[in-house]
Every structure is written in structure tokens, then in C-alpha cells.
Amino acid sequence: MDFNYSDEQKLLIDSVERFIQDDYDFDTRRAILKSEDGFRRDLWQKFGELGWLAVPFSEEDGGLGGTAVETMIIMECFGRGLVVEPYLSTVVLAGGLLRHGGTTGQKETVLPELMAGTLLAAVGYAEPTSRFNLADVSTTAEKAAGGYVLKGRKSVVLHGPMADKLIVSARTSGGRRDEAGITLFLVDAGAAGVSRQDYPTVDGLRASEIVLDGVSVGEGDVVGVVGEGFALLERVIDEATAAICAEAVGAMETLHKATLEYARTRVQFGQPIGRFQVIQHRLVDMYMAYEQAKSMAIMASLKLDAAPEERRRAVSAAKVQIGKSARFIGQQAVQLHGGMGMTDELNVGHYFKRLTMIETLFGNTDFHLKRYAA
Amino acid sequence: MDLSFSAEDLAFQREVRSFIAENYPADIKARFDAGLEPRKEDFVRWQKILFEKGWVAPAWPKEYGGTGWTATQKYIFQEELGAANTPGIIPFGLSMVGPVIYTFATEEQKKRFLPGILSSDVWWCQGYSEPGSGSDLASLKTKAVRQGDKYIVNGSKTWTTMAQWADWIFCLVRTDSSVKQQEGISFLLFDMKSPGVTVRPIITMDGGHEVNECFFDNVEVPVENLIGQEGMGWTYAKFLLGHERSGIAAVARSKRGIAKLKQIANTEQSDGSPLIEDPDYRRKLAELEIDLTALEYTELRTLARESQGKGPGPESSILKIKGTEIQQAITELAVEAAGYYAFAYNRRAMDGANEPVVGPAATAFAAPSYFNMRKTSIYGGSNEIQKNIIAKMVLGL
């Protein structure tokens, strides 16, 4: 039994933590949120130089051969800094689909640029009325000469506005909510028939509504096996879910620390509010919620390569715990900061907003409770 | 024990309902039903309509412009306003400083200030909290030093709601630092256009602008703007907070909120069926509705005691705590119902820009509303402070 990080992993933690401290303070992030692009391409390139974009890819694909633990480390640190750059979409989601299901040709054309930081990608897995069900796919892929024609709409595609490549789910056969008959396609974001409506999200990211109106793709653009895309997509969404669980842990840790510090220094009624037992117990409850969440995030990351049934249950269990902890810690951090916690000026509200959206992302607590119990 | 309305009460209810139906401007209703950011002119226009009818200040004694209604009638009136989703009566003039003025001010001050409050021609704001004085309000530091027939005010206030629209402020100031904290506070009224007053907006995490910081740099206030006696401000402030708490259960608004949630859950699809058919979601909605029913009957019991001349006592803190928890829970369930579309930040549409929202209109502002409503357990005496009040004043601990 060993929960310790290896020396290499410790170096990775140091490097990401140093980046957050030196290059990604709160004001820098605020400026990024207000900018036209909504992310910093120079910082993204730095991620590439530092090797972070190559972490999960195998050495034969030109990557560093990292495990889920390395991804967890990076995402947890990103959670502390509320990094908005498209790591989740490009490396974890799109990168994951290509890693597990991409053809040699797709890997050779996409991965080198992706790892170098010159190619960004996003994944369209949700539709306007699909909610969190990945099998609820109405977008169609009709067979045509040499490939397929895609028609449909993908909603809330995170990091869609900055993506060069998209991977979308579409139905090649079967009924609307059948798991069988779903196929994943690699699409050029600028291809004819792709149109986007871009918008900011409440937690500082950018997203797109993407309409696919007769988009032609080739046979070679199928990611994975025709009609069997669901299992691949579900696996990668589980990996991404574990990644945002880690991100949430980083955000919760920062929020708890900030609240603890505030309780130690904010004086009301002649003493720091942290001397009041009601505040002490609240901070203890927050601390326990954080520890439980951290345990579950680790558990989920370690089970990502288990058999699908075990992986599903582990990820859903973690997401339920993270959802509950994130809501409690987020709300209480705002509450204990009083009016200051409500402001846009203080970082607390920004963490709270991100945690709220993580609670929703890839299925909220109700969804994962059901999936676990199923 | 009989909780049914009398024939007179039912007739009154019909009268109020038809008045609202005939007089609530359609454009304001459209804005409020869509959940857009409210505008000053919407509040003023609606309050003036109520004023013309003589209904703008039901809580006031009849001699000062009140309605002379029974407690039940006041309750019915609030219920009907809430059910129709009219703009809330802005409390600063009508529910806060108004009662302080008719209770503690001189005849001359009453003549000077009450008409503008009733007609909504003068917009008031509340100068209570300071950066260092939130829950511990009595530690406030804004100073008023008397010089001849003037006070010179220096200091700052924060979380001043709608100060950007205010003509006047009622302000707690320290006039004596040599006595016990609570005994050195006075209650001053002054014009927000006075030289030395600066208002700086505070943007909240939902992106809205409701609250402000107010800075006072040698603001000259005539002594005739002092309410009651110097050093008695804390007594008036506590009197006012009692009034602030009594309307805070917001039962009628939460009923509307739950009705809207049901509409949303009827249209949102989950695995091909309406979300309302999802047993987990349905159960949470039911629990919330039951919580609200309990609050409604607790409020009715409080009202009944009030109509017998008792209260509003410290037990009204229950209404604040439960009322705000329910308002917050409604917004939580709206975010859950919205699913992925809760991500979309439709701020410009919310501010009234004529542009389409991303995703269904019914949940377009679900997340910002949820973020915004976190304020309710903080303002008006945080819920922790309300529990202290109950522990001390009700339970004698």
C-alpha cells in the first residue's frame, strides 16, 4: 500500500505548482477571462514546452507515457489556479479518444501538433436534449461515397471556439438512445457545413453550440470502430470525469485554505471569527468534505484501467462524493467570507462557480448516483 | 382554531387580484417573468401605481398613509403581489426608514420625509455595514462630528444595495467614541448628492451590480437631519432590523419559484421523458414544497400573534433562516434541471440587451440566479447571527 508520489511525479507537481504561482495569479486569470480569445496561446505553448501536453500519450506515439496519476496531478494543480486553458478538452478528451481509438494515420497527423501546443481540439458529446446520456445521439452520419455526411447539433462544446479539430459523436445506425450504432468522427473545425455559436460560460470558460449541416468526412476520419463508439466515448468521459474530480479537489483545497485564513484574521465582536465554535465546526465539516473528496478522486484515477464495470462504478462514486463536497465547500466558503465572498473581486466566488459547474459536468450527482446504483 | 379566510377576506382577495390584473403594466411583467435584471424605473412605476391606489404602505399606521388593513389582509396582499410576480416593494424607504421616521422623528421631519417615501419620488439606501463591521454592526466606525449646526461625516459604508439609484441615505454614524459601542451611535439622514459622497459599484460573482461602497469625505449634514436623540441610533437600528425581518420569509415568491421549477421540469427532457418524471428530481421538488408549506404555516402563526399585538419578536428569525434556505434551494434545483445549458453565461440578455439566449429561455439565468441568491443567507443579519438571536432571545441560552 503506497499513496506516495514517485520522485518524477513530485517534480511534475513542483513544476505545475510553480507555474500557477509565478505565471497564473488571479489577476492574470481575470485578464484572460476578459480577453477576446479566452485563453493564452503563449501559456499553452509553454505547457507544450514543459511536456504537460504529452503526459498521457505513449512513448511510441511520441508522448511521455504517463499514467492517470500524472493527469490527476496536473488537473489538481490546475484546479488550485482555476486554469481555463483547454487541457481537459484537448489532452484528456480529444487526446484520450485518439490514444484509445485513433488510427495510426490520425495519431500521426494530430498528436505531434497537439503535443507541441499548436493544435487545439474539443469534443462534442452532448446535444440539446440529451442531458448527460452519452447514448442519446440524434446527430446522424449517413454513408456517402468515400465516407459520411454529418447532420445535427452538438451543444455546450467546451473550448469549442478555440478548437482546430473536433471529435463528435453521430449515429450510423440504431435508435436515438441505443448504445450500439454510435460512431465518433474527427472533423476539421473549419470544414464546410460546420458553424458555431460561441459564448462564455459562467465559470470563465468558452463554449460553442455547433451545427453540423451536411459535413463531409472520410472513412479515415472515423475514430475507433464504426457503430461501436459508445464504449470508447464512455471510457474517455470516465477518464475526463476523474480528471475534473482532481481539478475539483485542487479548487476545494484552495477554498478551504482561504476560508480558514479568513476565519483566523477576520475580527468581529472583538475576536477572530474562527474562535466561534459554530465557525470552527463548519470549517471542520469543510475539511472532512475535502478529505473525502480527495480520497475518492485518487480512487477513481487508480481504477481507470480496470474492467469497464468496475471503472464505471468507481468513477460514478467519486463524482457523487465530489459533487456533494464541492457544493458544501463552495457554499460555505462564500457564506463564511460574508459579503466579500459574493464579489467578483475576490477569488472565492470564482472557485465556487467552477465547482458548481464541475458538479454538472459529465453528469451531476443524481446522474452518477443512478449510474452507480444501476 | 380556524384557518379559512372569512367572506370579507375572500372579497378583499378578489379585489386585490383584479386590481393587479388591471394595473400591473405588461412590459414590467414581461421583464420580471423573463428574470431580467430589474431597472429602477420598473420599481418606481409600479410603486407609484400602488401609491395612487393608497396601497403602497400597508404596514404603516393609517394616519401616516397606511391602509388600516388587518394582519390577514396584509398577508393576502403580499400573497397576491408575489403570485403575480410584481416588482418587490423596495424596502429602504417604505419598510425601513419610513417606520423609523414615523416612530421616532419630529413632526417637522415626518412632514419633510414621509411624502417622498410614499410617492417613491425619493429613493433611499441603507448605510449600515462597513468593511470592518458586518455581523458585528455595533463596531461601526463612520464618524459624525458636530460643528455648530452641522455634522461632519467621514468614513465608508459597504454592501449598500441600489445606492447607485439613491437620492438619500439613512446612515448609522458614531457620534461618541467615549461610551459603550452601542451608546455612541446616531441615526442620520443625508442627501446622496452632498459634496464628499462617492459611490463605487461592487460587481458580484453573478456579474450583476446591486451593491456599492459609499465613501464620505467631510460630508456636511445639517443637525436637523438627526433622527431622535444623539446616541440612540442603535435602538432605532434594531427597531428597523425587526421590520426588515418580518417580510423576509418570501413565501409567495417561493411558491412562484416552485411553480416555475415544475414548468421547467415538465419541459426538460431526461432519457426521452420530462425531468419531472425522474423519481429523484420529483422527490427533491416534493421535499422543497413541504419545507415551504411548513414555513408558510409558521409565518401564519407569527402573523396571528402579531394581529394580537405581539411581535414581530425574535422568533421571526426562523422566517429569515428558513425563507432564505428555501429561496436558495429553488435556485439549486433550477441549475440541476438546466443540465449542461447552466454553463452558458447570458449576461447581456439578462441585462436586457435584445439578443437570444443560449439554450432554453426558462433556465437561461439559472446559474447566475443561484450564485446571486447565496447573498440571502448573508444579508439582513447572516443566518448564523439569526441563530444566535434565537438561542439568546427565544431559548434563553
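Note: Cβ is positioned from N, Cα and C throughout, glycine not excepted.
According to TrEMBL, the protein carries these features:
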DOMAIN    B:7-119  domain 'Acyl-CoA dehydrogenase/oxidase N-terminal'
DOMAIN    B:125-219  domain 'Acyl-CoA oxidase/dehydrogenase middle'
DOMAIN    B:231-394  domain 'Acyl-CoA dehydrogenase/oxidase C-terminal'
Counts of helix, strand and coil residues, the domain 'Acyl-CoA dehydrogenase/oxidase N-terminal' (B:7-119), according to DSSP: 82 helix, 0 strand, 31 coil
Local confidence of the prediction over the domain 'Acyl-CoA oxidase/dehydrogenase middle' (B:125-219), expressed as mean pLDDT: 97
Three-state composition of the domain 'Acyl-CoA oxidase/dehydrogenase middle' (B:125-219), taking helix and strand from DSSP: 10 helix, 51 strand, 34 coil
